[in-house]
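Written out below as structure tokens is the structure these notes cover.
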């Protein structure tokens, strides 16, 4: 069994964080039943409303690289129609969650351990940044580009993010720009650089063998 990265107080905070889900404004279509039944036609039982995918946080060593553990509609079908989802973000020292957007929901981040530098850019291209300490919350408005980075030189950071959608979606800026087949010439003109530089960036983003 791995090292437990949560103290008792952190577990209590985690439970309280999950209780904040209802403050998120729903962004999904309303349903006219108590819940959406399983898509395979089976009868809903308590297992349908239970997600166990976060147990690894208590059973494994901290991740050596940035990692996101999601509890969205894809991983937890019981969320369909409930307008809520969660993610746990693990930040080793110096790691970054690259700039990205969530097109269908705002994100309410709760830092339960460590330090994070966070920021987002609004539609007027104004950057809003903040350095968060354990216990702080920060909201990233719906659809805006944002990021997080662990700036602590020694300590691991962990955060929980709540979304007002069962499927908030994630659009990675580096991947969507440089890894989707947009022609090199268009990118070179857009970024006022040359094709060789664009190709070097793409090579750096390519999966390592």
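Think of each number as a place in line: the chain as shown, counted from 1.
Glycine is no exception: its Cβ is also placed from the backbone N, Cα and C atoms.
Note: TrEMBL annotation is automatic and uncurated.
Note that the structure is predicted; figures quoted are calculated from it, not measured.
The signal peptide annotation in TrEMBL covers 1-26. According to TrEMBL, the domain 'Cupin type-1' annotation covers 55-199. Marked as oxalate binding site by TrEMBL: 97, 102, 107. Taken from TrEMBL, the feature Mn(2+) binding site applies to 100, 102, 107, 146.
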Give the residue from the binding-site residues 100, 102, 146 that has the most other Cβ atoms within 10 Å of its Cβ, counting over every protein chain displayed.
102
Just counting, how many other CB atoms are there within 10 A of the CB of residue 107 (oxalate binding site)?
24
PLDDT averaged over the residues of the domain 'Cupin type-1' (55-199):
95
Set of same-chain residues at least 6 away whose C-beta sits under 8 angstroms from residue 97 (oxalate binding site):
66, 68, 89, 91, 147, 148, 149
Neighbours of 97, 102, 107 excl. site residues, C-beta within 8 Å of centre, oxalate:
87, 100, 101, 109, 140, 146, 148, 161, 168, 170
Work out how many Å separate residue 102 (oxalate binding site) and residue 146 (Mn(2+) binding site) at their Cα atoms, rounded off.
9
To the nearest Å, how far is the Cα of residue 146 (Mn(2+) binding site) from the Cα of residue 107 (oxalate binding site)?
10
The domain 'Cupin type-1' (55-199) - residue tally per DSSP class, helix then strand then coil:
26 helix, 57 strand, 62 coil
